[in-house]
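Features of the protein shown, as given by Swiss-Prot:
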| type | residues | note |
| --- | --- | --- |
| DOMAIN | 1-131 | domain 'MGS-like' |
| BINDING | His8, Lys12, Thr34, Gly35, Thr36, Thr37, Ser54, Gly55, His87 | substrate binding site |
| ACT_SITE | Asp60 | active site, proton donor/acceptor |
Amino acid sequence: MKIALIAHDKKKNDMVSFAYAYKPIFEQHELFATGTTGLRIMEATGLVITRYQSGPLGGDQEIGAMIAKNDLDMVIFFRDPLTAQPHEPDVNALLRLCDVYAIPLATNMASAEMLMHALERGDLDYRKLRK
């Protein structure tokens, strides 16, 4: 499956820890990330990640384009709800596309862990049928 990993600045450490904890599962899938998030995960875990631009420079929109083309299966986006983001419209557009195209989306560690366990059990294999 194709999985996108995104994290706002104040959540990047959480994302790196999360990726490290679930590395054995992530290694079985194709990973994509916004620029800095992807770099930090790669440096900490050695995971292979296709990196796009940083979120404020269009990375969220690049991942959104993958969703619109049915070329992404899951999004894990650790958002910082307490800090205003200069690219908030891009973030909202990405979340909207996940809803429009029924892409599993986690926006915090608790929901991300649920998605990872579902992925490990094969509960998300229906995505393969939609291709």
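Cβ from N, Cα, C; glycine included.
Small disclaimer: the values here were computed from a predicted structure and weren't measured.
Where Swiss-Prot records a feature, it is marked here on the structure.
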residue : record                 : contacts (Cβ under 8 Å, 6+ apart)
His8    : substrate binding site : Gly55, Phe78, Arg79, Asp80, Thr83, Gln85
Thr34   : substrate binding site : Ile6, Ala7, Arg51, Tyr52, Gln53, Ser54, Gly55, Gly59, Asp60, Ile63
Thr36   : substrate binding site : Lys12, Ser54
His87   : substrate binding site : Gly55, Pro56, Asp60
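Following the DSSP three-state reduction, the secondary structure of Ser54 (substrate binding site) is coil.
Counting residues per DSSP class in helix, strand and coil order gives 71 helix, 20 strand, 40 coil for the domain 'MGS-like' (1-131). Cβ-based neighbour count (10 Å, all protein chains) for the residue listed as 'active site, proton donor/acceptor' stands at 28. Note: the substrate site is recorded as His8, Lys12, Thr34, Gly35, Thr36, Thr37, Ser54, Gly55, His87; in the same chain, Ile6, Ala7, Asp9, Pro56, Gly59 also have Cβ atoms within 8 Å of that site's Cβ centroid.
Of all Cα pairs drawn from His8, Lys12, Thr34, Gly35, Thr36, Thr37, Ser54, Gly55, His87, which the record names as binding substrate, the longest spans 17 Å. For Ser54 (substrate binding site), the Cβ neighbour count at a 10 Å cut-off comes to 17, with all displayed protein chains included.
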